[in-house]
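Q: My questions will all concern the structure given below.
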Amino acid sequence: MDAIKKKMQMLKLDKENAIDRAEQAEADKKQAEDRCKQLEEEQQALQKKLKGTEDEVEKYSESVKEAQEKLEQAEKKATDAEADVASLNRRIQLVEEELDRAQERLATALQKLEEAEKAADESERGMKVIENRAMKDEEKMELQEMQLKEAKHIAEDSDRKYEEVARKLVILEGELERSEERAEVAESKCGDLEEELKIVTNNLKSLEAQADKYSTKEDKYEEEIKLLEEKLKEAETRAEFAERSVAKLEKTIDDLEDEVYAQKMKYKAISEELDNALNDITSL
């Protein structure tokens, strides 16, 4: 952008130089008019003083005529130079307007890109929170599985104890009363284990429901992240388009600089011709 602004300043400086040269051309034109008037006065004086020298008077008349023709040519060239300056002013104005529009589009694209990056960062933080929660849920599930395995082991041990009691009931009828008490204790433990098993089963079902819920949320966040990625790609595309527009503007300004240089050379040639014409008039 700094390079573009410098180029625009150079164009404005060239425009001011062209205006100064046009004003100088006007001054040269006025000087030529004064010189022409002076020649006319000298011609009149010579006509009064040298009535007999018609050849010299005719020579001075031709010189005045040539001076008038050169003056007309100088006026035409000065007019053309002024028209070129006006055209250059219009082109510079168009380039400045186009540059302003490109800067606005680029600023908008950069703002949208920044917003998309912020949204992506927020989504990433949300995903990390979900992952942490999922890890905690997995740890809870592992703990519940361990509790379930422990409950199964306890149940198996209870079954083995119950079978052992039954065998002892067959073998030891004399200890029937004691065996019945042990059986009641075992049955009570089995009931407690069954209740614990039911609780563990319910906890597992609750964990499965929570896992399904988190899975649904994860799918939703994935869709949101995908949408944000699409928006980010769109913002990047717009930014690339803005950069291409700026490059195009830079090329346009380079072309204008070439054209300004050509106009300067043209104006220089005009100035040289005008100087030559004034020198010719002065030499007369």
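Note that Cβ sites are derived from N, Cα and C of the backbone, with glycine treated the same way.
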Q: Could you check Swiss-Prot and say which of THR201, THR252 is marked as phosphothreonine?
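A: The residue tagged phosphothreonine by Swiss-Prot is THR252.
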Q: Run through SER123, SER158, SER179 and tell me the one Swiss-Prot describes as phosphoserine.
A: SER158
Q: For the annotation region 'Disordered' in Swiss-Prot, which listed range does it cover: 117-136, 137-156, 257-276?
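A: From Swiss-Prot, the annotated region 'Disordered' range turns out to be 117-136.
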Q: Taking the modified residues one at a time (THR108, TYR261), which has its Cβ surrounded by the most other Cβ atoms within 10 Å?
A: THR108
